[in-house]
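If you check TrEMBL, you get these features:
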- B:Asp127: active site, proton acceptor (ACT_SITE)
- B:Gly10: diphosphate binding site (BINDING)
- B:Glu103: Mg(2+) binding site (BINDING)
- B:Thr125, B:Ile126, B:Asp127, B:Arg162, B:Met169, B:Gly170, B:Arg171, B:Glu221, B:Arg265, B:His271, B:Val272, B:Gln273, B:Arg274: substrate binding site (BINDING)
- B:Asp104: site 'Important for catalytic activity and substrate specificity' (SITE)
- B:Lys124: site 'Important for catalytic activity' (SITE)
There are 4 protein chains.
Amino acid sequence: MRIGILTGGGDCPGLNAVIRAVVRKGVGHDGDEVIGFRDGWRGLLDGDAVPLDLAAVRGILPRGGTVLGTSRTNPYALDDGPERVLSCLDRFGIDALVPIGGEDTLGVATRLAERGVRVVGVPKTIDNDLDATDYTFGFDTAVGVATEAIDRLHTTGDSHHRTLVVEVMGRHAGWIALHAGMAGGANVILIPEHPFDVDAVVAHVQHRFDTGFSPIVVVSEGAQARDGALTVAAGQADAFGHVRLGGIGPALAALIEERTGRESRAVVLGHVQRGGTPSPFDRVLATRFGLAAIEAVHDGETGVMVALRGTDIVRVPLATATARLKLVPAERYAEAEVFFG
Amino acid sequence: MRIGILTGGGDCPGLNAVIRAVVRKGVGHDGDEVIGFRDGWRGLLDGDAVPLDLAAVRGILPRGGTVLGTSRTNPYALDDGPERVLSCLDRFGIDALVPIGGEDTLGVATRLAERGVRVVGVPKTIDNDLDATDYTFGFDTAVGVATEAIDRLHTTGDSHHRTLVVEVMGRHAGWIALHAGMAGGANVILIPEHPFDVDAVVAHVQHRFDTGFSPIVVVSEGAQARDGALTVAAGQADAFGHVRLGGIGPALAALIEERTGRESRAVVLGHVQRGGTPSPFDRVLATRFGLAAIEAVHDGETGVMVALRGTDIVRVPLATATARLKLVPAERYAEAEVFFG
Amino acid sequence: MRIGILTGGGDCPGLNAVIRAVVRKGVGHDGDEVIGFRDGWRGLLDGDAVPLDLAAVRGILPRGGTVLGTSRTNPYALDDGPERVLSCLDRFGIDALVPIGGEDTLGVATRLAERGVRVVGVPKTIDNDLDATDYTFGFDTAVGVATEAIDRLHTTGDSHHRTLVVEVMGRHAGWIALHAGMAGGANVILIPEHPFDVDAVVAHVQHRFDTGFSPIVVVSEGAQARDGALTVAAGQADAFGHVRLGGIGPALAALIEERTGRESRAVVLGHVQRGGTPSPFDRVLATRFGLAAIEAVHDGETGVMVALRGTDIVRVPLATATARLKLVPAERYAEAEVFFG
Amino acid sequence: MRIGILTGGGDCPGLNAVIRAVVRKGVGHDGDEVIGFRDGWRGLLDGDAVPLDLAAVRGILPRGGTVLGTSRTNPYALDDGPERVLSCLDRFGIDALVPIGGEDTLGVATRLAERGVRVVGVPKTIDNDLDATDYTFGFDTAVGVATEAIDRLHTTGDSHHRTLVVEVMGRHAGWIALHAGMAGGANVILIPEHPFDVDAVVAHVQHRFDTGFSPIVVVSEGAQARDGALTVAAGQADAFGHVRLGGIGPALAALIEERTGRESRAVVLGHVQRGGTPSPFDRVLATRFGLAAIEAVHDGETGVMVALRGTDIVRVPLATATARLKLVPAERYAEAEVFFG
């Protein structure tokens, strides 16, 4: 078979591991041809493609990023987008397509499947917020980067008797904050699913100082205060006269400093969480996703996505898979709260 | 309640995280007292115990090892062992016991539960070979150590055109070899569950050299050749006149060198896999196990063990939990074989 | 002898290693008593001290931060500060003082030595900008943190065809940017010693894109554009209407995006560079500094500082040691420029 | 100019960084051509060469190993070796040669320089035992790998109340053991330069147990007991009936177990120390060596080697540079001894 592959949306450690697995199994074992489209759906709009043989994927397993490039291009945002994609698939003689991406990328995949394209999706979101799979690759790596930063900040916080606020990724779901915060021994964890009470945060911070140690607050970029005090637009002065750039972290640090009378500093981890070599967990998961995608293609599946359930790779319908965000449930947040203060 | 806790068997990153979670929840939130017994069941035989308050567990989350010490002492190996344990539990006024350990430790726990002791076990095996739980803490860390070693060895193998054989832990089950080998891009993975054919190994090694790169072979300490050629006792000369110490790795390297006519080297990772700071995955899992154990105790459970199923922590009967080893199934090994050679 | 020790100024990985070495040699071998003053000079103003025995320093070698705490308190900023320090030294019966710190801390030490206090200083600056020593501990660790971030950002930059700007520490000297930039394969490195030309930066960025890869720009927090365009105060709108917080990095990223028409992102590493376990290089250097300080004390030295010259630890006069900043010389920057673009 | 380059002897992290720097400066800035010979001197014997342009060195800075391959082939071990090398240099039109290697490789370089070949050497030894340079690249990385292992082993030793013996590289000089042992807080460090007294080692081990913690012994592969008791040939039974393979570590562990009556385990780190991504220190040093080599070539130098003195790269005569091994001096070992026991 001739199988097309592309990577869309935000960067995520493990993308190359999926690509390699698809090629090693497809080309190396099953006699397929694999064609890579560049920069996500853009490559399918423009016919920008490259054949992927075994040599093309040699050595890419431990590398972050994607050798195919990525973009946020959505064919359905263009009038003739879907037609151009279909015509390109036809021109390249693509029998099946394996798009690797998040909600947006897989949303396009779902609609193409409805148009008759044979599609097997591979889920990708560093935020781990896709409901149909236990974990997505990239998440464990991001948690690792954030945890290492928290480990480092503990010692410097204690030496200076300062509060340190660490802003991590997570616009809608707080999984990275939850896991990195639990792993790093954070004294407060704030996530989008649970709007926070500023007084309670300050009380936890104060309590931690009372034990003789310094507080670490981990906050998802999408977390918000209950009263809305901290949700000012970037670049505007907030209620305390502080000008913020790009996140809740610095605003929260300023507020804590004001309220506790002790120095407070923010660290915004940013894109470091998205790059670099994937963790072993992510390499294994991404590799298994790639293998399972090829198997599903050969089994004649379409309109499905591979997913992790426990330790098994399963297939779920694309349409339902992307329908719902996986949020941190109350009981998981309650586990974390045991360690607050 | 007064809750006893102990850690038994081989060392494993994450033990301290369990202890901390038990104390933070028990002492810090639920008004319990927690008593730690030293060096596993030995502490309960000798009445060697220490009260654990919040200060005792401060800062131990990221540390490997166990602040309680461990041993392989089994009370049932002594005539009066069980009686001494029961009398000690009585003397310390222990209402419930949380033993953290593997097959042996939990086997003792099972028998004590049958004698009426309230017991909630926490599973621990670096080999990940306990059937009742998807993962045990420590495993992800061990895989991380092994994968980092494999990553390093790839470059030195290629520079010298040598085969490198990496021996990892796994006496009965090949999980560490399977995961680290897949994550590290090994060219052959040999595990106890699938006795290997020497000719096939040599063929894979040769094929890898033919691609212009050098082979990495990952082998579980418990792996064996089909024909038994390599299963000589440590310290005896094997069929090829090589004297081996402590493992299949060096013997296999010698054999590969002989058969391919190219240099081959072995690295036996050993105890490095058991030590040091746990990975974030293991810290979170160990913390959740500790929390769940205290909850089970408060719910009046006994004779159960906490376990991971998917992303949920569940309770399973101790008796069945330790009855069966979790081995690498054929389909998981088949996934790895896609990348051989 | 009774020896006082304190750590002042900004946090720095390796401080605990110095403290441990002083205690292990002083108390463990030479029969001294060691008294630790808390939070730098503040402890000497307030008589806040703790005796340090062998148990107090057990296990602290690999830990970041300082078990003694630190502050930026300067006794000479208070009218009665110096007298209070002298009286405290007298009250505690301190025979000699080992202050560990940077320009400020050692400046106080210099003045106290002139008043007759026996002082042997240990230099500390994460920026590596003290002229009298080849390296200071903490610097290698900071370079390691920054290099790991750059390694990670390379892959994500390439996947998204974006410029990534990494802001690292270095207010007056660009050593961290120079070393991390060279180690990380940065395409442009901007340091305070060499005001940069915006057009040249944009040209390098453009040239890198032309090779098919994405640019990484490493910039010291103290770097400035030649024309002053980017040196706006934090919180004010700059020439391009962008509001900046806390650094040159985000401003530069905004400018590069504007000028190249391609997405650009900034990462401000911040306090992560100051914390966490010291690198082996820093542990060895800090340990040797501690040992050498005790030896200098026993040799009757005063008004000196220990320093690294090649592979030797030497003693230099405190007065001259802190007189001059060690800046990146033109020829070292020229080495880095070979790799620009 | 047309410049030849080769890498000889044992693998060492940083080789690729040298190659890249030579090409980036030579080809990218100075208008040179660079020809890489494969597998050290073998490539010059067989005329096995590859032109190195900018694309050939893209992305290799952070990678261990050497893209040119390496071998221990010595032309002077063959009757017609030197003539074949000279003729090959002539055939490829090589104006100057930059060999990167240790004693052997640079010994050949010295003799070729005497025959009129223009040669500028780059020193390489993971053991750091070349007298003419403060440090060689690769050493810091090896120390890092060993220190990380020691950090991990501390916790597992303490949990099991075991002695752990870590065998590191260093046949003639104990630099890796000295630095990793100091950085890792080893309780005993044994190096080739100072034959050890078995009773003293056992006493230190015993003393460490007495403090309530477990001993870590770091031993260079070339270390020897004073009385010769442990220097049996690999594969023979030693004085204690133990059969050893490949190192002093396991023999010493067996002896300590016998003498202390407590479990003891050995870890032989082996080739992991030679592979993988170089540390930032090594990347910077290797890069500067490469730049300096090209500069020396353009300055018309020959028969010299680049070297590190303090923070400067200098040139030293090849003949003297390789004449003497740099051993650990008594005063450096005495520093380490402060922490024994």
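Any Cβ shown, glycine's included, is placed from N, Cα and C.
Here the features listed in TrEMBL are painted onto the structure.
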{"residue": "B:Gly10", "record": "diphosphate binding site", "Cβ contacts under 8 Å, 6 or more apart": "B:Thr70, B:Arg72, B:Gly102, B:Ile126, B:Arg274"}
{"residue": "B:Glu103", "record": "Mg(2+) binding site", "Cβ contacts under 8 Å, 6 or more apart": "B:Thr125, B:Leu130, B:Thr322"}
{"residue": "B:Asp104", "record": "site 'Important for catalytic activity and substrate specificity'", "Cβ contacts under 8 Å, 6 or more apart": "B:Gly8, B:Gly9, B:Arg72, B:Asn74"}
{"residue": "B:Lys124", "record": "site 'Important for catalytic activity'", "Cβ contacts under 8 Å, 6 or more apart": "B:Thr7, B:Gly9, B:Cys12, B:Gly14, B:Leu15, B:Ile100, B:Gly101, B:Gly102, B:Thr105, B:Thr136, B:Phe137, B:Gly138"}
{"residue": "B:Asp127", "record": "active site, proton acceptor", "Cβ contacts under 8 Å, 6 or more apart": "B:Phe139, B:Met169, B:Gly170, B:Arg171, B:His172, B:Ala173, B:Trp175, B:Ile176"}
{"residue": "B:Val272", "record": "substrate binding site", "Cβ contacts under 8 Å, 6 or more apart": "B:Val145"}
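Of all residue pairs in B:Thr125, B:Ile126, B:Asp127, B:Arg162, B:Met169, B:Gly170, B:Arg171, B:Glu221, B:Arg265, B:His271, B:Val272, B:Gln273, B:Arg274, the annotated binders of substrate, the farthest apart have Cα atoms separated by 33 Å.
For B:Arg265 (substrate binding site), applying a Cβ distance below 8 Å and a minimum sequence separation of six or more within one chain yields B:Arg162, B:Thr163, B:Leu164, B:Val165, B:Ala253. Contact annotation for chain D: of the listed recorded positions (B:Lys124, B:Thr125, B:Met169, B:Arg171), none places its CB atom under 8 A from a CB atom of that chain. The least crowded of the binding-site residues B:Arg171, B:Arg274, judged by other CB atoms within 10 A of its own CB, is B:Arg171. Within 10 Å of the C-beta atom of B:Thr125 (substrate binding site) sit 24 other C-beta atoms, taking all shown protein chains into account. Secondary structure at B:Arg265 (substrate binding site), taken from DSSP and collapsed to helix, strand or coil, is strand. In the three-state DSSP scheme, B:Glu103 (Mg(2+) binding site) is classed as helix.
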